[in-house]
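Heads up: the structure comes next, in structure tokens.
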Amino acid sequence: MKPRFDIIRASRWFFLLSGAITVAGVIVFALFGFNLSTDFKSGSEVQFELNQRVPEARVRQMFASIGLPLGDTSLTVGGIQQNVVMVTLPEQLTAKQISEIQAAEHRFFPDAKQDIQVNSVDPFVAEQTARKAVYAVLAAAACIVVYIAIRFEFRFAISGIIALLHDAFIVLAAFALLRREVDLTFVAALLTIVGYSINDTIVIFDRIRENLKIDKPETVDELRAVVNKSLWQVMNRSIRTVLTVLIAAVILYFFGGISIRNFTFALIIGLVSGAYSSIFIASPIWVAWRSRSMKKATRGDKAAPIPE
């Protein structure tokens, strides 16, 4: 039965959509940049838990009273009861400042559940962490290229990497636009997204390869038909998989605590983007590339002299 919607024939619209998102992302980066956590820049994180829903205005007043005014993105509230406070400060706190914060906490919130927890990172450690995070992502991408090139072919590998870059860019743009904090859990989420997306893409590529062996397309139209059929054959599997993982990620986002909120938020965006790119970006790119090779081969055959 012929599929109701020809994904490959409509691929130019998906490319335009992704292109528009990419342009919007570049604009967001240029205007806002990233809200880096102390993992990637020097500074301090202060965390404590109250026995009530966090009154943000009073927390800001508490820090202002000791000469540490908070910016718009410096205060994060989490916890199931919204009673956990995490404050990011650009400077490394001294022992005196930490004592002043503890005294201010007892003064403003005498019934607080726990004492102040402070985590400080110096510039050298932050720089090293940022560099290692970039290396981790690049190493993962390189290993993926090699694996797909060996198992399938080089065109499949490049198409898959383009889809992965698309997913990573979508997540990065969302964090820049929403001013979400980029920390080490974000890097972990990015690597998780890469793993999920490439797994989904490999399943699709494997189905395409099997159908190519069976149908043996000789023209571009036949190639497009085979790939389109393959995409619809794995569509239900892809949708069920992403929905299953999404449900778990959403539950973690709301009930998993403040420490993994950035991880789960990035995961939610990346899962949706990964499911989209595996079907609507990676495979159409491969088809466009393979079609060009087939057309060149056809023109070469026509131009070849007829043997006497």
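The backbone N, Cα and C atoms fix where each Cβ goes, glycine too.
Listed features, source Swiss-Prot:
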- 14-34: transmembrane segment (TRANSMEM)
- 134-154: transmembrane segment (TRANSMEM)
- 158-178: transmembrane segment (TRANSMEM)
- 185-205: transmembrane segment (TRANSMEM)
- 238-258: transmembrane segment (TRANSMEM)
- 267-287: transmembrane segment (TRANSMEM)
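Taking every listed stretch (14-34, 238-258, 267-287) in turn, the largest tally of C-beta pairs under 8 A with the transmembrane segment (158-178) is reached by 267-287. The transmembrane segment (14-34) makes contact with the transmembrane segment (267-287): 3 or more of their CB pairs lie within 8 A, with pairs spaced 6 or more apart in sequence. Non-local neighbours of the transmembrane segment (267-287) in the same chain are 7-8, 11, 14-15, 18, 155-156, 158-160, 162-164, 166-168, 170-171, 174, 189-190, 192-193, 196-197, 200-201, 204-205, 208, 223-224, 227, 230-231, 235, 238-239, 241-242, 245-246, 249-250, 252-253; each lies 6+ residues outside the stretch with a CB under 8 Å from one of its CB atoms.
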